[in-house]
Amino acid sequence: MTPQAKLIFTISLLLGTTIVISSNHWVTIWAGLEINTLAILPLIAKSHHPRAIEAATKYFLTQATASTLLLFSATTNAWYTGQWDITQLTHPAACLILTSALAMKLGLAPFHFWFPEVLQGSSLTTSLILSTAMKFPPMTLLLITSPSLNPTLLTSMAILSAALGGWMGLNQTQIRKILAFSSISHLGWMVIIVSYNPKLTLLNFYLYALMTTTVFLTLNVIKTSKLSTLMTTWTKTPALSAMLMLTLLSLAGLPPFTGFLPKWFIIQELTNQNMAPAATAIALLSLLGLFFYLRLAYCATITLPPHTTNHMKQWHTNSPTSITIAILTTTSIMLLPISPMILTTI
């Protein structure tokens, strides 16, 4: 793909996202989401590999269905209330259809099946965009419309996402699929609190995007997409592998790291809302995710060739680590001490 084409698609992505987050009319929001979908499709399919073409087709069909449901929801609400404004969503059927549409856009259970397949067929850079930037517009819509949506339904979908994201990630050997199930699991944490404290959802999304960006950029530098090749990277870039291990433990939500911050706040808020059973359930389900993060961390740093794999031992490289990765890694593992300051802003 030529640089000019990449520039056009990137600008289109930014334009679509800006239109969605700055609009209050359903039709312009729908148009922004369509621009986003059409801009990312060539980036998914650019390698012309059959897996990439399949991923682009699955992504297009899923997002087209979700956009249709979103437009149907808006039309139903306008039919009964005469309002096209995003904040005036009052009809119960329209609210239910919108919940389905946003769950499909985000990859929230039970509409999550497309997400791991699409990520597996994409490059690491495109997978990063799909996991972070492409989730921002539907997440914004979820935050704005959350007062109109059914809290019980959202809580059920959130716990289901945390469960499925954990269980289905256990048996994977492809790193992109593991990170896709990790994303589904994190979405459960974001959605469970959206009806009670939307700012916490946004904080969780920002920190998740930060940690996922760090992991994907690190994997892109060491050119790794499978657990078997991750085992051989310690000899090539030991410092980067050590940082990857810490970032993965942060993504798992272990206490000394940044990833513990949103989980702590969310469990505290759920307990304040008299939802201790939901808090207990989602906290226990996050242990499933902890297992595959520990497995990734173990493969990245503790397993050395040739004990477990036939891959050739790679040469050590002295190339300096990118300053972007260094800054992202630092923030991914060291934001917990400033949590009192963050707490004052939410």
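Glycine too: its Cβ is placed from the backbone N, Cα and C atoms.
Here TrEMBL flags 23-287 as domain 'NADH:quinone oxidoreductase/Mrp antiporter transmembrane'.
Look at TrEMBL and you will find 290-343 tagged as domain 'NADH dehydrogenase subunit 2 C-terminal'.
As annotated by TrEMBL, transmembrane segment applies to 7-23 (among others).
Annotation comment: TrEMBL describes 59-79 (among others) as transmembrane segment.
The transmembrane segment feature in TrEMBL is assigned to 91-115 (among others).
Annotated transmembrane segment per TrEMBL: 152-171 (among others), in sequence order.
Residues or ranges marked as transmembrane segment in TrEMBL: 178-196 (among others). Away from its own ends, the transmembrane segment (178-196) comes close to residues 106-109, 112, 115-116, 119-120, 127, 131, 135, 139, 142-143, 146-147, 149, 151, 154-155, 157-166, 168-169, 172, 204-205, 208, 212, 215-216, 251, 262-263, 266, 269-270, 273, 278, 282, 285-286, 288-289, 292-293, 296 of its chain (Cβ-Cβ under 8 Å, at least six residues beyond either end).
Nonlocal intrachain contacts for the transmembrane segment (202-222), taken as residues 6+ away from its ends with a CB within less than 8 angstroms of a stretch CB, comprise 124-125, 127-128, 131-132, 135-136, 139, 143, 175, 179, 182-183, 186, 189-190, 193, 233, 236-237, 240-241, 243-244, 247-248, 250-251, 258-259, 261-262, 265-266, 321-322, 324-325, 328-329, 331-332, 335, 342, 346. Here TrEMBL flags 202-222 (among others) as transmembrane segment.
Sequence-distant contacts of the transmembrane segment (243-266) (same chain, at least 6 residues past either end, Cβ-Cβ under 8 Å): 182, 189, 192-193, 200, 203-204, 207-208, 210-212, 214-215, 218-219, 222, 279, 282-283, 286, 289-290, 293-294, 296-297, 300-301, 321, 325, 329, 331-336, 339, 342-343, 346. TrEMBL lists 243-266 (among others) with the feature transmembrane segment.
As annotated by TrEMBL, transmembrane segment applies to 278-302 (among others).
As annotated by TrEMBL, transmembrane segment applies to 323-343 (among others).
Ranked by Cβ pairs under 8 Å to the transmembrane segment (91-115), the stretches 59-79, 152-171, 278-302, 323-343 are led by 59-79. Within the same chain, residues 26-27, 29-30, 33-34, 37, 40-41, 44, 88-91, 93-95, 97-98, 100-102, 104-105, 114, 118, 130 sit at least 6 positions outside the transmembrane segment (59-79) and bring their C-beta atoms closer than 8 Å to a C-beta of that stretch.
With a cut-off of 8 Å between Cβ atoms, the residues of this chain six or more beyond the transmembrane segment (152-171) that come close are 96, 99, 103, 108-110, 112, 116, 146, 177-178, 181-192, 194-195, 275, 278, 281-282, 285-289, 291-292.
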